[in-house]
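Student: What TrEMBL records for this protein is below:
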DOMAIN    44-295  domain 'G-protein coupled receptors family 1 profile'
TRANSMEM  28-51  transmembrane segment
TRANSMEM  63-81  transmembrane segment
TRANSMEM  101-123  transmembrane segment
TRANSMEM  144-167  transmembrane segment
TRANSMEM  199-224  transmembrane segment
TRANSMEM  236-255  transmembrane segment
TRANSMEM  275-297  transmembrane segment
């Protein structure tokens, strides 16, 4: 074990994932609710994908974006949770450098994709409420596919340099990652030498994605709110408010833990480390669990099929 914990110098060593630092004895039991959440996420998102594919009336821009969100959530949770459970239950802490890099790539890429899909959904709601007669022409199926492809390409382009920058680093002395999965800054902190480029690029990429997406979402919903308040019918206003409120709740479940994790890495030294890790795990689990519930329950066709 000591040979794994410390090395004099290694270009690409195997790493040891701690799990939840400070709660190593309790994490066997903590894993059970995480496993239940993961099972709900998998079943819920697969159900959404099947229903959207098989119900012709759901072949609309909004539900195509929901299908993209469901697929993203499946990849995001599956790339991290099974390895976490093996750490918590089996003590299988070791992970090779290529596997760690692959996990990191999928987690950060599809986190970026999820943010982009939520931004696209906000734009869809803006067009649907503010320009209802032009909605089908502006957001046709080819336009939705193009927008989804651009969101995916953006994630790949932004995260690929992160992996290349990590690959050039050398690691020495300590190869224990104080985390439950391979996360960019947690791995960077183990590297020897100058890691300023990695830190600056990671910070810049996250800043660009969050600021750009959140700004567009905020502007979209501000314009939506203004348009909704002008509707003559109280029933129409309540329906529009209800739809937008559910979307805002979904976005908060993604961005709140994401920003907490991001800021804690850099400025939250006073926050207990196990709190940081638990929030980071929930960041990967809560959106995949809540998205199918929110969009499934609120869709009459899906709700009827489930019943």
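Note that the numbers count up from 1, one per residue, in the order the chain is shown.
A Cβ is built for glycine as well, from the same backbone N, Cα and C atoms used for every other residue.
Automatic, uncurated: that is what TrEMBL annotation is.
Keep in mind it's a predicted model, so treat the numbers as computed, not measured.
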Student: Counting Cβ pairs under 8 Å that are 6 or more apart in sequence, does the total for the transmembrane segment (275-297) and the transmembrane segment (144-167) reach three or more?
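Tutor: Contact between the transmembrane segment (275-297) and the transmembrane segment (144-167): absent.
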Student: Are there at least 3 C-beta pairs under 8 angstroms linking the transmembrane segment (63-81) and the transmembrane segment (199-224), leaving out pairs fewer than 6 apart in sequence?
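Tutor: Between the transmembrane segment (63-81) and the transmembrane segment (199-224), which are separate recorded stretches, there is no contact, as judged by 3 or more close Cβ pairs.
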Student: Which of 28-51, 101-123, 144-167 shares the most C-beta pairs under 8 angstroms with the transmembrane segment (63-81)?
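Tutor: Highest pair count goes to 101-123.
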Student: Between the stretches 28-51, 101-123, 144-167, which wins on the count of C-beta pairs under 8 angstroms to the transmembrane segment (236-255)?
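Tutor: Selected stretch: 101-123, with the most Cβ pairs under 8 Å.
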Student: Over the domain 'G-protein coupled receptors family 1 profile' (44-295), work out the mean pLDDT and round it to an integer.
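Tutor: PLDDT averaged over the stretch: 85.
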